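Okay, so here's the structure we're looking at.
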Amino acid sequence: MSSSAMPDVPAPLTNLQFKYTKIFINNEWHSSVSGKKFPVFNPATEEKLCEVEEGDKEDVDKAVKAARQAFQIGSPWRTMDASERGRLLNKLADLIERDRLLLATMEAMNGGKLFSNAYLMDLGGCIKTLRYCAGWADKIQGRTIPMDGNFFTYTRSEPVGVCGQIIPWNFPLLMFLWKIGPALSCGNTVVVKPAEQTPLTALHMGSLIKEAGFPPGVVNIVPGYGPTAGAAISSHMDVDKVAFTGSTEVGKLIKEAAGKSNLKRVSLELGGKSPCIVFADADLDNAVEFAHQGVFYHQGQCCIAASRLFVEESIYDEFVRRSVERAKKYVLGNPLTPGVSQGPQIDKEQYEKILDLIESGKKEGAKLECGGGPWGNKGYFIQPTVFSDVTDDMRIAKEEIFGPVQQIMKFKSLDDVIKRANNTFYGLSAGIFTNDIDKAITVSSALQSGTVWVNCYSVVSAQCPFGGFKMSGNGRELGEYGFHEYTEVKTVTIKISQKNS
């Protein structure tokens, strides 16, 4: 998230208690129907933090029923003034500000995030997103249409209905609010499934949603696993829309489930293998730092990671040298500890996948400049890794790594690099570094990406639409476009005795 004035960062909380570990339905806390629970871990220490109720199909059914009841015509939620919906969202933002330290500590412990990043960037982004969505609540409106004949025609922007929202583990709280903010602003009700790795901040949000004054059933939170709770949401006949952020593989399953059930609307924000192109005329210091942050931020666990770095031939060697020098500055360790600049990967599965891809880079002939292996005796830590002499056919140049691995490729001409940059199934984002405005406009127009950054990278804001081309998904989140995903347009035509201009 882009930010202006940054607050001071306090010390994280110690002896944090996890008060909310149950399923949240109708503004009440429930045990799972099955009686099952699942463990939640700290990826930096591999220690169990707590156990959370494991939602399944029966729990999703209960949540959807509550959401449907809250969405009925004449309900407190449906009859509420749009401006009052905005007031509730602003109240929720106030409560997040009050609990900012607690939530940031929880994100760092459960998600392996650097505490300072969680406090400044994640929580800062959460608050700004909610306030932006609150402002839109009474500005979502229809139009009158000058239809031929003696008719009066207007459109209504109505809420879609019950929205299933499936949240990823890399930005658990921020993505929770990217989902519920626009949905609630438009007047929908929601059933949210947080990622099984990182459910704790979402469950704390349940308590704040109730405290803010949202009517029962408007927001329901069902922690659980993707193949059970997630699949139940995607295939549910009484869910009108599902929004998902996560892998392309799972996105395909969700779209298939939607098609096989009630053809519910689907918006997807999926994987990426984003190109970042550095031309010889770029400000080299700026390009090195942005490209570095673009791939190493949050241990590389970002869908927009600048994971295909194309550098023009004449500056290639110097760029590699500076990039390696920058990567070697990291201090790995517990993300709650001051001075640490890289935390762990989220879990063992991701850790092993990243190490396997690093090994493939070595075997396929890329030059390992630094890193290249695990770090420490406890936790899922991987050394910051830089490869040079990478070719487009290598696995590390084609597959989404989702780890602290930078691969730097060489290019000679503008036409060549555009072709190579677009030679991927993905199309989420891209970066261009140049001081030539004509080149910047030409390349940004040619790239098949939902977002293109010029002389910067990973600059995301609630005011700007975000989403992908190709297999990086469909639909947009945030910005004015993001609200279209959560409304249906109804045309109303009334016969009148005489129309006048």
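Backbone N, Cα and C define each Cβ position, glycine as well.
Feature list (source: Swiss-Prot):
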- SER2: N-acetylserine (MOD_RES)
- LYS91: N6-acetyllysine (MOD_RES)
- LYS128: N6-acetyllysine (MOD_RES)
- 167-170, 193-196, 226-227, 246-247, 269-271, 349-353, 400-402: NAD(+) binding site (BINDING)
- ASN170: site 'Transition state stabilizer' (SITE)
- LYS252: N6-acetyllysine (MOD_RES)
- GLU269: active site, proton acceptor (ACT_SITE)
- CYS303: active site, nucleophile (ACT_SITE)
- 336-501: region 'Mediates interaction with PRMT3' (REGION)
- THR337: phosphothreonine (MOD_RES)
- LYS353: N6-acetyllysine (MOD_RES)
- LYS367: N6-acetyllysine (MOD_RES)
- LYS410: N6-acetyllysine (MOD_RES)
- SER413: phosphoserine (MOD_RES)
- LYS419: N6-acetyllysine (MOD_RES)
- LYS495: N6-acetyllysine (MOD_RES)
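Feature map: annotations from Swiss-Prot on the structure.
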residue : record                   : DSSP class
LYS128  : N6-acetyllysine          : helix
ILE167  : NAD(+) binding site      : coil
LYS252  : N6-acetyllysine          : helix
GLU269  : NAD(+) binding site      : strand
CYS303  : active site, nucleophile : coil
THR337  : phosphothreonine         : coil
GLU352  : NAD(+) binding site      : helix
LYS410  : N6-acetyllysine          : strand
Residue pair LYS495 (N6-acetyllysine), ILE167 (NAD(+) binding site) - Cα distance, angstrom, rounded: 46
Site of maximum Cβ density within 10 Å, from modified residues LYS91, LYS252, LYS367: LYS91
Taken over the region 'Mediates interaction with PRMT3' (336-501), the model's mean pLDDT: 98
Those recorded positions, out of LYS91, CYS303, SER413, that come within 10 angstroms of ASN170 (NAD(+) binding site) at the Cα: CYS303
Subset of recorded positions (LYS91, LYS252, GLU352, ILE401) lying within 10 A of LYS419 (N6-acetyllysine), CA to CA, in sequence order: none
For LYS128 (N6-acetyllysine), the number of other Cβ atoms found within 10 Å of its own Cβ: 19
Cα-Cα distance linking PRO227 (NAD(+) binding site) and LYS91 (N6-acetyllysine), given in Å to the nearest integer: 34
CYS303 (active site, nucleophile) and ALA195 (NAD(+) binding site), Cα-Cα, nearest whole angstrom: 15
